[in-house]
Amino acid sequence: MGSMLSETVSPRDEPILYLKLAFTATFFAGLFQASLGLLRLGFVIDFLSKANLVGFMSGAAVIVSLQQLKGLLGISHFTSKMQFIPVMSSVFKHRDEWSWQTIVMGFSFLVFMLTTRHISMKRAKLFWLSAAAPLTSVILSTLLVFCLRSKTHEISFIGHLPKGLNPPSANMLYFSGPDLELAIKTGIVTGILSLTEGISVGRTFAALKNYQVDGNKEMMAIGLMNMAGSCSSCFVTTGSFSRSAVNYNAGAQTAVSNIVMATAVLVTLLFLMPLFYYTPNVILGAIIISAVIGLIDYQAAYRLWKVDKLDFLACMCSFFGVLFISVPLGLGIAVGVSVFKILLHVTRPNSLIMGNIKGTQIYHSLSRYKEASRVPSFLILAIESPIYFANSTYLQERILRWIREEDEWVKENDGSPLKCIILDMTGGFHLSHDSFVIPGINLSPGTL
């Protein structure tokens, strides 16, 4: 949301308009999410494949991390753009603003938080180390700046924070004006992403606990939550994987754990805000980096490369699109590649020559199983897709090519002449209303 809104409206120069657009985008995100659930259009989310999400999350994590260099290096003037080249240009353009005190503090606490995260991943029983590290860092850094405030002028800190709950923001919703299109577009994009993440988190823990998640109900719940949130000074939110994991590892069984957490937040907002006066801005950047760095899943990208090159391409398109162009365009390119992959599988379905495993009634691909052997005079072809008008011509040409190659193999190996062709279509049996005709062969619908 920040990356999309900041390209048009500066949160520093126009903070009120920026807030209005953020709340309005949240409202439209919730409206879009609830509408998908109400109309039972949950399948739309499935177009954002795992490959898309891996690339998007990694690209977003890199960009968000680079944006935090402003705080980690102590830079006062920084670009609001969210692309790799402008961010890095701004970092080196303002080298004279770098503060060695800020750098030492920021990277020290960043190493501390990343170390606790590594320990928690290696030892499940020590999950609380990673959960407690950010709060510990805030407390220690705040005490350090407070005690050495006369000697740490170059380390900027938060300053005054107002106490109390979020004020109502229904009066700030922006339904007319030149920037309404930006708010709607931002809301739809962030709404899709938050839905995908929230439902993915739900499905993950449902699998661990062996229960079912109703995607449409989840969409309506998340949508109504965001619509209500837009009226109470909240931006788009969804189910958090990290917080859910902490709850799960702590043994939480019900939503009472969320009530306890909300109570702790309420007490902090009402009574503890003055304690954060000397909290350095650099520690906030370090916390954000330590949080988002876990989203860079290079192992998943490597697995995609090993398993499916097209999925890997979708992942890379999403990653580099977010990194060098923008969030919506990067995501759009990735979805386009995924849709192209679907069309490719429909129009160019896989086909295999099947052979018999001796002594059994089992048939497997000759190219994949050395134990499989040809059946004399029979050509058994497996078609791993339904036959539609979009792939009928291709399959006709492919089957004729298999027949020619089979005849050549028979001649070279003095085998039995080809007498019969069997199409194994158990992978997706469906024939269009018209007959599927090959010169010399006529397969009517329902005939194998």
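Numbers here mean position along the shown chain, with the first residue as 1.
Glycine too: its Cβ is placed from the backbone N, Cα and C atoms.
Copied over from TrEMBL, here are the features:
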type     : residues : note
TRANSMEM : 16-41    : transmembrane segment
TRANSMEM : 53-78    : transmembrane segment
TRANSMEM : 98-114   : transmembrane segment
TRANSMEM : 126-146  : transmembrane segment
TRANSMEM : 254-276  : transmembrane segment
TRANSMEM : 282-300  : transmembrane segment
TRANSMEM : 312-344  : transmembrane segment
DOMAIN   : 368-427  : domain 'STAS'
Decide whether the stretches the transmembrane segment (53-78) and the transmembrane segment (126-146) have at least 3 CB pairs under 8 angstroms, with pairs required to be 6 or more apart in sequence.
no
For the domain 'STAS' (368-427), the number of residues DSSP places in helix, strand and coil:
25 helix, 13 strand, 22 coil
Counting only pairs 6 or more apart in sequence, are there at least 3 Cβ pairs under 8 Å between the transmembrane segment (126-146) and the transmembrane segment (16-41)?
no
Between the stretches 254-276, 282-300, 312-344, which wins on the count of C-beta pairs under 8 angstroms to the transmembrane segment (98-114)?
282-300
